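Visitor: To start, I am sharing the structure in question, which I have written as structure tokens.
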Amino acid sequence: MSSHGAPIPMTSRASGPLKGEAHVPGDKSISHRSLILGAMTVGETKVTGLLEGQDVLDTAKAMQAFGADIEKRDGTWHIHGVGVGGFAEPENVIDCGNSGTGVRLIMGAMATSPITATFTGDASLNGRPMARVTDPLALFGTKSYGRKGGRLPMTLVGAANPLSVRYDVPVPSAQVKSAVLLAGLNAPGETVVVEREATRDHSERMLAGFGATIETVETNEGRVITLQGRPEFKPQTIIVPRDPSSAAFPVCAALICEGSDVLVPNIGLNPTRAGLFTTLREMGADLTYENEREEGGEPVADLRARFSPNLKGIEVPPHRAASMIDEYPVLSVVAAFAEGKTHMPGVKELRVKESDRIDAMAVGLRAAGIAVDEGEDWWTVHGLGHGNVAGGATAASHLDHRIAMSFMVLGMATQKPMSVDDGGPIATSFPIFETLMGNLGASITREAAQE
Ligand SMILES: O=C(O)C1=C[C@@H](OP(=O)(O)O)[C@@H](O)[C@H](O)C1
Ligand SMILES: C=C(OP(=O)(O)O)C(=O)O
């Protein structure tokens, strides 16, 4: 198991107006995929703007262990890959740290090569369900040997003669969809994946970009994605857009801190990722899109978020859940400062992330004076309106970066400071979070609550 190091307690206090520009790091989903697809391509793929968070660095190390040559020179990542089906057998256990995306996509990518690999992670990752990936991989002929309940550590024996597969994804998960598509790369003929609810489509876009033949058709049964196996990938030059899931933190902080006006430039607004911003606008947020444009085939804008004293609780439509799945924790913080109830149904997946995110947020919000109701796949936050949230509590982050950052945002507008027991996991996805928020005027210190 990877070690996470000593806990780093953090405290966030009422902050003056947040002002300025927030340049958030590269998109985590696109960063993982750039490394994995680059490692499956003969020739040099160049990547700029790669997120250098621990999750992505662990994927880079894993790709090296499977035979790719990866180095960073002059701000650009250079990847010399081994080709589809060319992975070498790793000599050691692959440690994916805290990253569900990393481990599940890599399992898919190696599943149809005649090699064996053992995967592990930290305590959070080793508690997360992997059968959702190994079940469809078994259809290709891949064998897996994990702990009870399909948990890591787990050994996968890749299929030497993979079959072609059609798979209806039973949960709304881009990681499962992507694992099957990546496995399909080294399978003969067509791999077909059907998803009932649209999830982030970065794999489909990037596979096409690297030269695969892949087609998505919207049908009554959902999105039917067909990939032709054994493509000849061509090396790419990739500029990773900035991460909307990281942008969520300065945006939400600006909405709840009096007098704030923050610009978050160059944020990808791919509709499969942008659900939070639609939701915030429905709540009455002063959030505008400036300089809207297309970059690399994706809609992009500069987001401007200003203090919004009259936020209202709303019903968040369940069909929007996949497009904002990682943003519910910080949405629940904004909901605490809105008037009335914010009801969030259709979010069972939140229970199997780095932590049970409904439970982790509900416990911390209640300790801060906010009523929260919850069921298996829904939760409701009873907002108190601006200026009325007590705070004055320490929340457990459960090795979950988004939980830690969400409570740090909460503390920027509560009456008393908010603390987390461990802000260390923030480095997995947003290593510059404290500096970036501090530069805007937020007060986050590395100390436990002072009673
Ligand atoms: O494919 C991806 O890059 C991701 C998919 C989502 O997970 P699920 O596929 O489990 O929903 C998301 O929560 C994660 O942060 C990144
Ligand atoms: C769920 C997340 O990541 P992963 O599944 O890759 O650990 C996240 O970043 O919020």
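Heads up, the Cβ atoms here are built off N, Cα and C, so glycines get one too.
Not my notes, these are from TrEMBL:
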ACT_SITE  Asp326  active site, proton acceptor
BINDING   Lys28, Ser29, Arg33, Ser173, Gln175, Asp326, Lys353  3-phosphoshikimate binding site
BINDING   Lys28, Gly100, Arg128, Gln175, Arg357, Arg402  phosphoenolpyruvate binding site
DOMAIN    14-435  domain 'Enolpyruvate transferase'
REGION    1-25  region 'Disordered'
Visitor: Could you check which of these binding-site residues, Lys28, Arg33, Ser173, Gln175, sit within 10 Å of Gly100 (phosphoenolpyruvate binding site), going Cα to Cα?
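Guide: Of Lys28, Arg33, Ser173, Gln175, within range: Gln175.
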Visitor: Whole number in angstrom, please: the longest C-alpha to C-alpha distance across Lys28, Gly100, Arg128, Gln175, Arg357, Arg402 for phosphoenolpyruvate.
Guide: 19
Visitor: Arg402 (phosphoenolpyruvate binding site): which of the recorded positions Ser29, Ser173, Gln175, Asp326 have a C-alpha within 10 angstroms of it?
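Guide: Matched recorded positions: Asp326, sequence order.
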Visitor: Can you give the mean pLDDT for the domain 'Enolpyruvate transferase' (14-435), rounded to a whole number?
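Guide: Mean per-residue confidence for the domain 'Enolpyruvate transferase' (14-435): 97 out of 100.
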Visitor: If you measure from the Cα of Arg128 (phosphoenolpyruvate binding site), which of the binding-site residues Ser29, Ser173, Gln175, Lys353 is the nearest?
Guide: Lys353
Visitor: Write down the Cα-Cα distance for Arg357 (phosphoenolpyruvate binding site) and the residue listed as 'active site, proton acceptor', rounded and given in Å.
Guide: 9
Visitor: Cβ neighbours within 10 Å, counted over all protein chains: which one of the binding-site residues Lys353, Arg357, Arg402 has the most?
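Guide: Most Cβ neighbours within 10 Å: Arg402.
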Visitor: Would you list the DSSP helix, strand and coil counts for the residues of the region 'Disordered' (1-25)?
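Guide: Helix, strand and coil residues of the region 'Disordered' (1-25) number 0 helix, 7 strand, 18 coil.
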Visitor: List those of the recorded positions Ser29, Arg128, Ser173, Gln175, Asp326, Arg402 whose Cβ lies under 6 Å from any atom of ligand 1, in sequence order, or write none if there are none.
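Guide: Among the recorded positions listed, those whose Cβ sits under 6 Å from ligand 1 are Ser29, Ser173, Gln175, Asp326.
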Visitor: In DSSP terms, helix, strand or coil for Ser173 (3-phosphoshikimate binding site)?
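Guide: Coil, per DSSP.
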Visitor: Would you identify the secondary structure of Gly100 (phosphoenolpyruvate binding site) according to DSSP, in three states?
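Guide: In the DSSP reduction, Gly100 (phosphoenolpyruvate binding site) maps to helix.
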Visitor: Is it possible to get the count of other C-beta atoms within 10 angstroms of the C-beta of Gln175 (3-phosphoshikimate binding site)?
Guide: 24
Visitor: For Lys28 (3-phosphoshikimate binding site) and Arg357 (phosphoenolpyruvate binding site), determine the Cα separation and express it in whole Å.
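Guide: Answer for this pair: 19 Å between alpha carbons.
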Visitor: For Arg33 (3-phosphoshikimate binding site) and Arg357 (phosphoenolpyruvate binding site), what Cα-Cα distance in Å is obtained after rounding to a whole number?
Guide: 25
Visitor: How long is the line from the C-alpha of Ser29 (3-phosphoshikimate binding site) to the C-alpha of Arg357 (phosphoenolpyruvate binding site), rounded to the nearest angstrom?
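Guide: If we compare the Cα positions of Ser29 (3-phosphoshikimate binding site) and Arg357 (phosphoenolpyruvate binding site), the gap is 19 Å.
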Visitor: Select one residue from Ser29, Ser173: among these binding-site residues, choose the one with the most other Cβ atoms within 10 Å of its Cβ.
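Guide: In terms of Cβ crowding, the pick is Ser29.
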